[in-house]
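Enquirer: Here it is, the structure in full.
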Amino acid sequence: MARKADEPLVLGIETSCDETGVGIVRGHTLLADAVASSVDEHARFGGVVPEVASRAHLEAMVPTIQRALKEAGVSAKDLDGIAVTAGPGLAGALLVGVSAAKAYAYALGKPLYGVNHLASHICVDQLEHGALPEPTMALLVSGGHSSLLLAPDITSDVRPLGSTIDDAAGEAFDKIARVLNLGFPGGPVIDRYAREGDPDAIRFPRGLTGPRDPLYDFSFSGLKTAVARWIEAKRAAGEHVPVADVAASFQEAVVDVLTRKAVRACKDHGVDHLMIGGGVAANTRLRAMAERRCEDAGITLRVPRPKLCTDNGAMVAALGAEMVARGRAASSWDLSADSSLPVTETHVPGEEHAHDHDHDHAHSHDHDHVHELSKQNLYDA
Ligand code: KG4
Ligand code: ZN
């Protein structure tokens, strides 16, 4: 095993949605995970308002970075790199993180790594369960995404097998919670109600599970409509709506499809490890059902603790550290946020390095050059 001091010390910044996350890791060891959330500011709108999120990131950025450095007990000058979510996500929100990461990296003379948000959600599990097996199958379920990804190498090779054709799993939770007047975000509160309810009370539809349906794609909009209609019918008839039973039955339909398809993907691809990440991975029923189905299929399940499943900076730092460890090329200073960065682009290497995988990462020409430039600026000033 590598000595701890040899492992890269990386700070990661995440601002793709409503969480300003700054994490610091050394290799696979989590040193700090500071998160400032603007979720309360969005609650009254029933969803994330991009402009509100961007402004909250701007206000939270510097204090959150300072908090993370303090928590980790490290000095910014000791960092081996600064990683940031380059996409996918809300354009304005991403831009705040990318700008901050550039400013810090430039001022400190450190390499900058623009990384993919989805790959980060997978890589974070290294902080909990150690090195990811290669390949890993990943089920990513959040408010913005639901995908099945095959990852032979988290730093350079992530292949999408399927994804949602309409709503994301978390979005479905949020919408049903709104219909039930349970507030936002919906996932945690539905999870709580469902514990008191009967998952078999109402048989809601399982989207895209017919014999001719795509094997690894998901659809939750039909389910959402079915649940909303069921509730409306009860209300129209002046009957009581059994919230716990509706929550449990809805959750069961989502979790049933997610786990069934994930296990199927593992079997079809001969992969014996399943990783589940993203905000919905915090769901207790999803964890329990995945545990049982994986065990039955001889698959090892890896789910990080809930705090690492929802958006955070540690996951970005984890992927950044892996980029450094594997000598992946740093990003260039014209790195920009890409709200629809494809999952296949695990990171955004600088132009001249786009195809080279040499191991001279920490001293890429780009950064030596910038180092010189920043010195020059100092002398000029
Ligand atoms: O990964 P995340 O923090 O942000 C995105 O990238 O979207 O995921 C947030 C989503 C929300 O839709 C929220 O309702 C859902 O994750 N979520 C849950 C649970 N906790 C959060 N869904 C189901 N059960 C939960 N316990
Ligand atoms: Zn996310």
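Each Cβ is built from the backbone N, Cα and C atoms, and glycine gets one as well.
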Enquirer: His117, His121 bind Fe cation in TrEMBL, but which of Asp311, Asp334 does that record place at the same site?
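Expert: Fe cation site check in TrEMBL: besides His117, His121, the record includes Asp311 out of Asp311, Asp334.
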Enquirer: Let me know which member of Asn283, Asn312 TrEMBL also records as binding substrate at the site of Leu140, Val141, Ser142, Gly143, Gly144, Asp174, Gly187, Asp191.
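Expert: Within the candidate list, TrEMBL flags Asn283.
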Enquirer: Taking ligand 2 as the reference, state which of the binding-site residues Leu140, Ser142, Gly187, Asn283, Asp311 have a Cβ closer than 6 Å to one of its atoms.
Expert: Ser142, Asp311
Enquirer: Translate the DSSP assignment of Leu140 (substrate binding site) into the three-state scheme.
Expert: strand
Enquirer: Using a 10 angstroms cut-off on Cβ to Cβ distances, just flag whichever of Gly144, Gly187 is the loneliest among these binding-site residues.
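Expert: Counting other Cβ atoms within 10 Å of each of the binding-site residues Gly144, Gly187 gives the minimum at Gly144.
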Enquirer: Can you go through the binding-site residues His117, Gly187, Asn283 and pick out those with a C-beta less than 6 angstroms from ligand 1?
Expert: Gly187, Asn283
Enquirer: Given the binding-site residues Leu140, Ser142, Gly144, Gly187, Asn283, tell me which ones have a C-alpha lying within 10 Å of the C-alpha of Asp311 (Fe cation binding site).
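Expert: So the list is Ser142.
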Enquirer: For Fe cation, what surrounds His117, His121, Asp311 with a Cβ no more than 8 Å from their Cβ centroid?
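Expert: Leaving out the recorded residues gives Glu14, Ser16, Cys17, Thr85, Gly89, Leu118, Ser120, Ser142, Gly277, Gly278, Asn312, Met315, Val316.
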